[in-house]
Amino acid sequence: MQLFLLIIALLNVPDDRQTAVMTKPASPAAPVVFGMLALLLVLSGLDQTILSTALPTIVSELGGRDLAPWVFSAYLLASTAVIPVYGNLADRLGPRPVLLTSVTLFAGGSLACALAGSMPALVAARVLQGLGGGGLMTLTMLATAALYPLPERGRRMGVLGAAYGLSTLVGPQGGALLLRTLPWTWAFWLNLPGTLLALAALWRADIGQAHPRATPFDWPGAVLLGGALSSLLLASRGGSWWLAGLALAMATAWWKVERQATDPVVPLSLFARPMFRVSALLSMLSGTLLFTAVVFVPLFLQQGLGLVPVRAALVTLPLMLGIIAGGRLSGRVLRRGLSLARVAGFAAVGPTLGFMALGAALHWLPSHGTELTAWAVALALLPAGLGLGLMFPLVSVVSQRSAAPAQLGAATAMPVMLRALGGALGVAAMGELLRSHMATAAARGLHSRLEAMLALADGTARIAVVAAMVAVVVFAASRGLKPPGGA
């Protein structure tokens, strides 16, 4: 899941008309700086996927099996909650110092993870690591956009996406190989040389511009927003319903505080602009579509068809390739000045058709063999990925055009945060739909593995149909976007 979120972030390139620094030629030091950014993403990708194979060993040594899921949840909560904070700080201080802070926190969290002697200590260290990792997607994207002009930027973003994707794919195998020869702590020790090297290279790098402000940082708004996001994410991951109430209460308090703040962590003036509101809705809905595919398709492939994780990843590869291709296509389309509403509407067609095809394939084909079903799933994911890849940069451009240059960091961070939030809420809703369907099927009786597989296939098909309906809503909402001249 982190792979897809990172690829999306890499495609959210700031609009060139916002600031002159984005149109200047790349400096001679740009290749070195870019190499360090790519290195950071590779380390981040390896760290995420190595843990998937290392966790059983970690539990056997540290105990605390009940806390084991928090090794992942702690990182997710911390990294999501601080995304808007990093956006605001990048506007105030410029991307470079904030990126250095993010890398330092990530390195410190990695060190703390390696030294953890108990499961609670490891979970706490993962929180620290997440506080740093939350800035990597947004800030490395801003830094790369500041380094290169538009003609070169698309290629550089593709390199970053490929590097992170490769590290994610080889991570589980690398983790298994690592555990054969070294302790699990080396999954974290290996982060330190690379992060220290990146810190040294980025220390004096010329990355972006700052917009200093006399007003203090909005700590009350940041705490309330972070608390609301964390509570909502916990509730969506199976927590108690009171967490959803707490999230609503904190979100209400945040809105009231931000209306009184002179310099809010998320400028509410952005939401007063219709274009930004539409882009926010599209970001959340596209996140729902993305993570529905990322979570439930592999679940069916592995638990239903019995594919091993590596082969299941290959079946879902067309989704990632479609996202990358759609992102590159989006840049070309937007430069031609086409209507944003038409481009967004065309983008919504991809996931609509893709999820409809996925639902049909999962409903009709599983009983006809694993190979045929796997191929049909892969083909259905391609148009879905292509449409989503076309949509993601578009909503970011709309968000950024709604913001003043001094708000560019906040406007860039918002789509990333909203997409993650939409994904979490969407997965929770789709998961409840699947749980209800499987409970009904079990009550009727599942007398063989084939019947269980067909029930899971039918439940996943229903999820795909709901996702197609969400894509139709995306198509309808895209009508609210104006042509570029009206943005």
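Cβ from N, Cα, C; glycine included.
Keep in mind it's a predicted model, so treat the numbers as computed, not measured.
Per TrEMBL, these features apply:
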type: DOMAIN; residues: 33-479; note: domain 'Major facilitator superfamily (MFS) profile'
type: TRANSMEM; residues: 29-46; note: transmembrane segment
type: TRANSMEM; residues: 67-86; note: transmembrane segment
type: TRANSMEM; residues: 98-123; note: transmembrane segment
type: TRANSMEM; residues: 130-150; note: transmembrane segment
type: TRANSMEM; residues: 186-205; note: transmembrane segment
type: TRANSMEM; residues: 278-300; note: transmembrane segment
type: TRANSMEM; residues: 312-331; note: transmembrane segment
type: TRANSMEM; residues: 343-366; note: transmembrane segment
type: TRANSMEM; residues: 372-395; note: transmembrane segment
type: TRANSMEM; residues: 416-434; note: transmembrane segment
type: TRANSMEM; residues: 454-477; note: transmembrane segment
What is the average pLDDT across the domain 'Major facilitator superfamily (MFS) profile' (33-479)?
83
Give me the stretch from 29-46, 343-366, 372-395 with the greatest number of Cβ pairs under 8 Å to the transmembrane segment (98-123).
29-46
Apart from its near flanks, which chain residues at least 6 from the ends of the transmembrane segment (67-86) lie with a Cβ under 8 angstroms of it?
51, 55, 58-59, 98, 102, 119-120, 122-124, 126-131, 133-135, 137-139, 222, 225-227, 229-230, 233-234, 237, 265-266, 409-410, 413-414, 416-417, 420-421, 424
Per the 3+ Cβ pairs under 8 Å rule, pairs at least 6 apart in sequence, do the transmembrane segment (372-395) and the transmembrane segment (186-205) touch?
no
When each of 130-150, 278-300, 416-434, 454-477 is checked against the transmembrane segment (343-366) for Cβ pairs under 8 Å, which one has the most?
454-477
